[in-house]
Amino acid sequence: MPEAKPFERLPQTLSPVNYNIRLKPNLKAFTFEGSEDIDIEVVKPLSEITINSVEIEVQEVSYVASGKSDTVKGTVSYNKEDETVTFTFPSEIQPGKGRMSMTFTGILNDKMKGFYRSKYTSPDGEEQFSAVTQFEATDARRAFPCWDEPAVKATFDVTLVVPKDRVALSNMPVKSEQVYEGDNKWKVVSYERTPIMSTYLLAFVVGEFDYVEGKDADGVLVRVYTPVGKKEEGKYALDVAVKTLPFYKDYFKIPYPLPKMDLIALADFAAGAMENWGLVTYRETALLVDPKKSSAKTKQWVALVVGHELAHQWFGNLVTMEWWTHLWLNEGFASWIEYLCVDFCFPEFDIWTQFVKNDLGRALELDALNNSHPIEVPVGHPSEVDEIFDAISYSKGASVIRMLHDYIGDADFRVGMNDYLTKFKYSNAFTEDLWEYLGKASGKPVAEVMSSWTKQMGYPVIKVTEKQDEKNRVLSLSQEKFCADGKKQEGEQFKWMVPLSFCTASSPDKPVKKILLDSTTAEVTLENVKPGEWVKVNCGTVGVYRVQYSSEMLQSLITGIKDCSIAPCDRLGIQSDLFALARAGLVSAVDVLKVAEAYINETDYTVWSDLSLSLGTQGLLIQSTDATDEMKAYNRNLYSKVFQSLGWEAKENEGPLTAMLRDLVLAKLGRNQEQSVVMEAKKKFLDFYNGKPLSADLMDPVYVTVMSNGDEDMFNKMLELYDKADSQEEKNRISRAIGAVKDEALIKRVLDFAMSDKVRSQDTVFVIGGVTGSVKGREMAWQFLKDNWTKLHDRYEGGFLLSRLVKVTTENFVTEEKAKEIEQFFTDHPAPAAERTVKQSLENIGLNIEWMKRDKDAVSAFLKSRNN
């Protein structure tokens, strides 16, 4: 293959100052007409202007210098590969101000990027379309020719020409609305000028919507737009947004910069949400909450997503990364502060413990692979951007920022943030700029510490042993890179500057000591620690590292697990580290299952949730042994005590976490064939099918239990409920549960259903993923991917959903043959956007193969002995 030519950014010989854009979308023909006047400043003489443009046809282009009247017409040529259009003028344009004008046409595509069409069903049952946008990372160029790079900021005047019965929204409030001269069935809506901003944050929406509105404490008008007839479902998100904007204003010490804040639920949407300035777009399931039918889990998810996107209004929108290399800072920061915000607004979610599972856990799992990548990845061509919208950018990014915040303290962190945002507002910054301001505020070596976490991939395992020295405990510590396969990389020198903290049985929640480990080994003395008292490294599980204890230290920690004297996030961290160490072959897999039994008294939702994940990963491997039934019995035994305390029915005044724990425990027992749970779930399901109410928090476990223990009749009833469901949350709940079926013919029906027009394109991936929990399901999903590759690849090409699809259908196989088959398939069918994912999947399969060789027999024997 010829070598790809190096990517070059647009020439800096001129820059836009203001875009005046007018667009007229045709919701029947799926096209749009557009015109724009761009005020520009020319720095050097030039006769050619090259800007970004994709799938747009420019009819004519002209240029006039400021203060002159003679307009020069240009000719138009396109470079499809570079996604650019070049305008060539007959005479040289001289330095100074001027205006470039053009008319063009484009298409409202169905790829969920650029200016695209979104299908919905109107209240009277008719199929309709709205015209909506998704420009990040590089798709503003599909809506209008522009300098589509985050550092080329400008102001925007937007005008939309739309049918008069449609709602039309953009980033700013409406300036004027009048009847369209050519046709009184249309209207012309113009919006106020935006602040200076990047193209990827511009947005327009044209469609049918209802809204609820409120004002925050500072008088900012907040609206939540919902599908027609569902405005009640916008009230929860409105409540979150109205609390959230003032929280960020106080945290950053900078007012929200725009006069209004709209949040809107869109039917077809690839991501969870997008932070367009003043007009944030969401999947319906990330914004809408039905007061009667939404679960505690959904409410929490909505609160987190709203918190994430509104944080971007300052961090990302007001100050923007200079190039996509620094995307991680944008996303990592918002992924961290969303938790700070939700913890402030909704303390009942105990959200920081959930961070340890949702973000730190995901990051540690992916980042232990040899095919991980550093947080900061040099990005050239924007097509490389989608692949780094992954758990490293978001979750590891968030985790290192949480560790940094803990290291320098909240007060200094806030001062540094305010200085940084004030200095770079309406402009662009590099990662190093933030480190500089946080370093100045705290007097700590922030840049030095953080570059060890962002510029090298992976993280350390801290190995620790102890000895008692009279009244003191002396710890010997060492750091080395943690690798998922347990092998040291020859010749590679990895070293981190690691903020370490220590807590003890007499101070379980507060560190007794903190140090910065900047060498490979260290000795630490903890004063006044009695013999037999447990010591835990990484207090609060804030540090981005694993800990491997000596067996004596682990034994004393087990007592703290059994009596729950260790804090929940630390109980969670201990088992998470142990399962990872066992997968790497560094500790015995059997010993870890014995430690897991110490959690039988556990009552915390998040600890159970993470332990369930660890056991589930183990369970997938055990499916390929002769101890599957014994593993189910082990699980039934482990969850029995917590089930006894929870029961089926909600208690008066119980919190959301209790409801979430009940959901989790019932689903686990149902999948593991606890007969009393299976019988009750079937009864509740049939009652619900016949019209009796069922609590939203019980729907997930009831559906999953019925499907994993059900027949064709139950499956058909479930699909009937899907057809009747009027909320996307309920449709998602059902479509993700049906994959639990065991029968081959039914699995095939699930896969076919995933590709049918009953399932939205953005959800297909998750429906296919639903069948991969069984050996047969994994085989069939992989075969299905191969059989439908062309269609799936065309649908998701270049987007992160393609990587997600590849991951779920490949990573849990356990044989060399399968690894070779997968490798060969992607050699024959290259998918650049999923290239790293394929390598990660192959590496995971390799780890599974090693586990089968090393641990299968011992674990099977242990599980069988437990059930004798």
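Cβ coordinates come from backbone N, Cα and C, glycine included.
For 16-201, the entry in TrEMBL reads domain 'Aminopeptidase N-like N-terminal'.
Under the heading domain 'Peptidase M1 membrane alanine aminopeptidase', TrEMBL lists 236-453.
Long-range Cβ proximity for Glu331 (Zn(2+) binding site), meaning a same-chain Cβ under 8 A and a gap of 6 or more residues, is found for Phe389, Ser393, Tyr394, Gly397. Marked as Zn(2+) binding site by TrEMBL: His308, His312, Glu331.
Around Glu309 (active site, proton acceptor), the C-beta neighbours below 8 angstroms that are at least 6 residues distant in the chain are Leu263, Ala273, Met274, Glu275, Val280, Tyr282, Ala334. Per TrEMBL, active site, proton acceptor is recorded for Glu309.
Residues or ranges marked as site 'Transition state stabilizer' by TrEMBL: Tyr394.
Sequence annotations record features per position, and here TrEMBL assigns domain 'ERAP1-like C-terminal' to 534-845.
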Restricting to the domain 'ERAP1-like C-terminal' (534-845), report the mean pLDDT as a whole number.
95
Relative to the Cβ position of His308 (Zn(2+) binding site), how many further Cβ atoms are located within 10 Å?
27
Quick check: which same-chain residues outside His308, His312, Glu331 lie with their CB within 8 A of the centre of the Zn(2+) site CB atoms?
Glu275, Glu309, Ala311, Phe315, Gly316, Asn330, Phe333, Ala334, Ser335, Glu338
Near His312 (Zn(2+) binding site), which residues of its chain come within a Cβ-Cβ distance under 8 Å, counting only those 6 or more away in sequence?
Glu275, Asn330, Ala334
